[in-house]
Structures are given as C-alpha cells and as structure tokens.
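The transmembrane segment annotation in TrEMBL covers 12-30, 50-71, 91-109, 129-150, 162-180, 192-212, 255-275, 281-298, 319-338, 388-408.
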Amino acid sequence: MEQLDVRKDILKIAWPAILEMTLHTLVWTVDTAMVGRLNPASISAVSLGAQIMFITMMILGAVGVGATALVARNIGAGDTRRAGKIGAQALSIGVVISITVTLIGMIFAKDIFRLAVKDMAVVELGETYLRHVLIGGFFLIPFGVSNAILRGAGKTNYTLRAVLWANTFNIIGDYVLIFGKWGFPALGVKGAALATGLAQVLGALVSLYYLFSGKSGIEIYFRDLFSIDRDIFKKLVNLSIPAAFEMTMNDGSRLLTAIWIAQLGTVQFAANSVAVAAESLSFMPGYGFAIAATTLMGQNLGAKNVDRAKESVAKAAKYAILLMASVAFLFLTIPYFIMSFFTTDLETVALAAKCIRVGALEQVPIAIAMVVSGALKGAGDTQGPFKISLATNLGVRLPLIFLIVFVFRLNIVYVWLATALQYMLEAVLMVMRYRREGWRLLELK
C-alpha cells in the first residue's frame, strides 16, 4: 500500500509539472511563430528577445530552488507557518530582483541587442520588444518564485493553472495585437511583447492568488512580505546562489556551443537548431519527475522519513527513465519523420535526423541526471549539482566541441556525440554524489 501511495504522490506532482514546463516553453515559442508571418528582422528580434527573457527568468529565478527545498522541508515537518514565512521572504527577494532586471533592461535594451547582432533593423526591433515585454517585468521573477513555493507544497496543479491562464492570454493577445484584430491596431513586434508581458502579469496574479488564498496549505500573509528574517534570508541565499551559477553555466555553455556551431555553416547551424528544438521537448518528463523528486525528498526529510524519501527518488527516476527511453526509441527509429515537422529543407532534415539519432544515447542519462539533481536540491544540496555541472561543461563539453569545430572541422554529429558523453558522465557523477548520502546531514528548517 505504501508503494502505491509513493507512486500516487509522484504522479500527482510530476504530470502537472511536465505540462507546466511545456506551456512555459510555448509562451515564447508562440511569439516567434506568430511574428514569423511578418519579416526576417522581426523573427530574429523576437526569437533573440524571447531567449534573453527566458534565460534571465531561469537564472535569476534560482531563488525559487531554495524556496522549494525549504518550503517542502517545513511542510513535511508540519510547520506551515514557517513555510509561509520562507515563501514570503523568497517573494520579497524576487520583487527586488525583478525591479533591478526591469530597470537594467529598459535602460540598456539597445546595448544588449548590439552585443548579439550587427543588423541595426534587428537591433531596433529587439529594443522595442525588450522594452515592451518588460512592462510585466515587475512580475517576472515573483511569478516563477510563487510557482516554486507552490511546488514545495506539492501543489503543481495550481502552478499548471497559472501558466495555462498566462498561455491562453498570450496566444489571444498575440493574435489580436500583432495583426490588429477586433478593433485593435496592428502593432507587430510591439504587440507580441505587450501580449507576453501582460500574460506574465496575469500568470503571476493567478499563482499569487492560490498562494495567499489558503488553498496552498501554506500559512502565508501579506504582512510577511515586509518582515526580514535573517536566518531564512541566509538559508535562501546559500541554497539559491549555487543553483543560479549552475543555470548560468548550463545556459552559457549551450549558447557558446551554438555560436561555435555557426562557424560550420548555415546548413549545419540550422540542422542543430531544429534538432535541439525537437530534443527540448523530450526533456519535459525529466523536468516533471525532477520536480517530484525535489518536493518529495524535502517533505519526507522534514517528516524524518528518510526511507520514503529514497523510495520516492528511486521511483521518480524509474518513471523518467521509462518515458525518456521511449523518446530515445522514437529518435532512433523515425528521426526523419520527426525532423520533417520542423523544416522542409531535405539537407537540413537529413543532417538533423543524424543528430537526434545520437541524441537518443543521452535520453536515459539526462533522465537520471535531472531526477537525482532534483533530489539533491530537495535535500538542500545545491552545491553538488553546480560542481558537477561546472566539471562536465568545462572539462568535457566545451573542450571537445572546440576541438571538433575549430581543430578537426568535423560536422555537428560529432558535437552531439560530445554532448552525449557529457550527459553520461553527469549522470554517473550525480548518482555517486547521491549515494554518498551527505544530504542526510543537511539541516534546512
């Protein structure tokens, strides 16, 4: 019976989280897809602007990692009031970060795009996009942090609803404001930015409603936002800084890889781009079960039930492996069919198909690495995943790809082999870190 309960707990958290992350990705993808009906400069501006915003949200929203771990630990211990104080403290930090990011983005929007592209038409449109999407910038990080707090309480069904509201508004807003429908002016890139910025505001308000309405199971009050608890603040910072560095390392490594691959030519860059787009969808099961591992690890450790915590992690890893192994099978057997959904260029399809066949090798390692990393973070060990990410990116991925691109001038299939090797090593190192069980000694409450 207990095994069935663990399975139920995992699936209850994981499935909404998988759908939530898929929808999060679609918010920015819809902007690019709809603007794709305008002109190449608009496509480039919105695509790059969306990447900048998404990466910024992920990195600076790392305070949510600490919030999830601490809230889960206190929920497990039955201390819903302290969980509320932790949540409020994390939200306050998120608001300060959002104000800072919004001001920097508004002031330096043009300079940010100048660093990335030389085409002034793209720079001008990119500046317009960034400044208008930041109308909702005040809510950018609080949206992510509020969802992280709800995840710590195991309420991923509420975070899914918040993102669903944001996505629905964004799709309708894009259609109306980009193309000038229902009596609204056709604003193009500006319309895409306004729709996305306002969608973030709506999503944040829905998430905050669930958090403060009492539905979350967390005892949190508005007045808590204005009180500073030095102990909680210190713990949040200590947990969140390594997580932010880990995200910076991973995103920076991917960005640098893309820049290097561009040196191999347009077809190879395009093939890599569509292969990455296809593979990014395969990460969603890993993400969902990683969230389940984070939450259940924290809650069970808070309840002093180490055995149940370990069982939850093992089962979450098992389910993630099964789903991502199924994706690997599809990558191996029908790669051309999959790639044909992303592009009609036959040369690009052929090369991208070879890439995702290699990508099949990394699906199971990614599943293991994501879930075990989530478990470590749920226990309060955010330094371990950061150190492993640092070692595998700087020690394996980037050196190998540099040699492949600039020394041996090989095609991108070899780049994918290098990343597969990185993920395999990362999975091994994560499991080794987890099995040492140093996380059992961490005191978070």
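From the backbone N, Cα and C atoms, a Cβ is placed for every residue, glycine too.
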Among the ranges 129-150, 162-180, 255-275, 281-298, 319-338, the one whose Cβ pairs under 8 Å to the transmembrane segment (388-408) are most numerous: 255-275
The transmembrane segment (192-212) in contact with the transmembrane segment (129-150), cutoff 8 A, at least 3 CB pairs, sep 6+: yes
Non-local residues, at least 6 beyond the ends, that sit with Cβ under 8 Å of the transmembrane segment (255-275): 55, 339, 342-343, 345, 347-348, 351-352, 355-356, 359, 397-398, 401-402, 405-406, 409, 411-412, 415-416, 419
